[in-house]
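What follows is a single structure, written as structure tokens, with notes after it.
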Amino acid sequence: MILFLSFVVLLALGVPIAITTGLATIIAMSTDNLGLTTAVQRMFSGVDSFSLMAIPFFVFSGDIMLKGGASKRLIDFANKLFGWITGGLPITAIISSMFFAALSGSSPATVAGVGGVMIPNLIEKNYPKKFTVGLLCAAGSLGIIIPPSITMMSYGVVSEQSISRLFIAAVIPGIFIGLTLMIYSYIYARISKHEKVPFPTFKEVLISFKDAFFSIMMPVIILGGIYLGFATPTEAAAVAIIYSLIISLFIYKEIKPGDVLIIAKKSVITSAMIMFVIATSKLFSWYLTFRQVPLKVADVVLALESSPFVILLVINVILLFVGMIMDSSAAVLILTPLFLPIVTNIGVNPIHFGVIMIVNLAIGMLTPPFGLNLFVASGIGNISISDVIKGSVPFIALLIFDLMVITFVPQLSLLLVK
């Protein structure tokens, strides 16, 4: 009781989530005569993991690729392939976001990276601002779904599931969400009668492909190495750094050796923030387990004798709400110990549940009033937050439909894993 009361009060006072999580846990621990030494030990042990080394590696490689010119090459290639069909520009934005997600592992970074190029282009072609920013917010949510996903790695660590299997499990759901967004964009453009981009010549496509080839190969190398068993996610992330440095410095030549240090400093700050959230969240999770809270919650829920359908529906609603107000990695680390015993008791595969949880939190990132993607898109597109919210509503509805399919058709997540 003291733990949750402290947590709510600190959160209401605007204290950052990482500090809120750690401080609330320490306050609760003091009532059980557990000293600060225990808290420090648990925080250090929480981040003492080989798997977690992949996070700073992926952050650094993603930052290098973003600064090194990968995004504009990927967008140009996608536009050459799909820009000529009905709804080609929105479809280009979605496909670019999918590729960008495989580079950055972050939803806000995907919105910013693709939105900075595509929002002006879409508006120039007379697509309404509300539709444009709503589309980019939704497509950007793929940043934490399509592997490599930092949030998925956090789930793998706290649930003790294979991160490689989680990455593989997220591939088909990520593509499925991307396809539904493309279908919606096609129908919207067809009804609105938007003009198409001229059909490109084969030479133009070939030149664009050659220009984007090394950017395209980045996710292929990472996911191929993991899927074929040649490398763990951490090893693949280390290879990604070397690969991104080579193509950015020596092939694209858009960054100089001196820029690498600046990029590294930014990556260190981002990684430190993520690791601090993980450390305090692991302390929070340990204390919940120490007090046997997950078991008690599971007993209460299972005692209701509700069907697995109802239980999963309730958990989805809770996760959607939490995704609106809390950092996705923190939400995973705090809620997984509570919900995982419940879903495993009703026969849900932990790998499948990981995908369900991540998709929920991804939708939360474009759900008002606090969805982070909304504010990023507002800043990038220079559009009022109220217009961004209005534009996001149909996409939120579409993503919730996708979530229901992913939740109740587990084969989508488990097909490649088995």
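For all residues, glycine too, the Cβ spot is worked out from N, Cα and C.
Sequence annotations record features per position, and here TrEMBL assigns domain 'TRAP C4-dicarboxylate transport system permease DctM subunit' to 4-412. For the domain 'TRAP C4-dicarboxylate transport system permease DctM subunit' (4-412), the model gives a mean pLDDT of 83.
Positions annotated as transmembrane segment by TrEMBL: 40-60 (among others).
TrEMBL lists 81-100 (among others) with the feature transmembrane segment.
Sequence annotations record features per position, and here TrEMBL assigns transmembrane segment to 135-155 (among others).
The transmembrane segment annotation in TrEMBL covers 167-191 (among others).
Per TrEMBL, transmembrane segment is recorded for 212-230 (among others). Beyond the ends of the transmembrane segment (212-230), by six or more residues, the same chain brings 61, 65, 70, 73-74, 76-77, 99, 102-103, 147-148, 164, 167-168, 171, 236-237, 239-240, 243-244, 247, 251-252, 416 to within a C-beta distance below 8 angstroms of the stretch.
Taken from TrEMBL, the feature transmembrane segment applies to 236-255 (among others).
Among residues of the same chain six or more beyond the transmembrane segment (267-289), those with a C-beta under 8 A of the stretch's C-beta atoms are 3, 17-19, 21-22, 24-26, 28-29, 39, 42-47, 52, 55-56, 59-60, 63, 150, 154, 157-158, 327, 329-330, 333-334, 336-338. Residues or ranges marked as transmembrane segment in TrEMBL: 267-289 (among others).
Taken from TrEMBL, the feature transmembrane segment applies to 309-339 (among others).
What TrEMBL records for 351-375 (among others) is transmembrane segment. Here the transmembrane segment (351-375) has long-range neighbours at 107-108, 111, 134, 137-138, 140-145, 149, 151-152, 155-156, 159, 161-162, 165-166, 169-170, 173, 177, 312, 315-316, 319-325, 328, 331-332, 335-336, 339-340, 343-344, 385, 388-389, 392, 395-396, 399-400, 402-403, 406-407, 410, 413-414, 417, meaning same-chain residues at least 6 beyond its ends whose C-beta is under 8 angstroms from one of its own.
If you look up TrEMBL, you'll see 395-417 (among others) marked as transmembrane segment. Long-range neighbours of the transmembrane segment (395-417) within the same chain, counting only residues 6 or more positions beyond its ends whose Cβ lies under 8 Å from a Cβ of the stretch, are 134-135, 137-138, 141, 165, 168-173, 176-177, 180-181, 184, 227, 309, 312, 316, 320, 348-349, 351-352, 355-356, 359-360, 362-363, 366-367.
Listed stretches 81-100, 236-255, 309-339 were compared with the transmembrane segment (40-60); the greatest number of C-beta pairs under 8 angstroms is found for 236-255. Among residues of the same chain six or more beyond the transmembrane segment (81-100), those with a C-beta under 8 A of the stretch's C-beta atoms are 71, 74-75, 109-110, 113-114, 117-118, 121-122, 125, 127, 131, 135-136, 139-140, 142-143, 146, 174-175, 178, 181-182, 185-190, 194, 196-200, 205, 215-216, 219. Nonlocal intrachain contacts for the transmembrane segment (236-255), taken as residues 6+ away from its ends with a CB within less than 8 angstroms of a stretch CB, comprise 53-54, 57-58, 60-62, 64-65, 67-70, 73, 148, 214-215, 217-218, 221-222, 225-226, 263.
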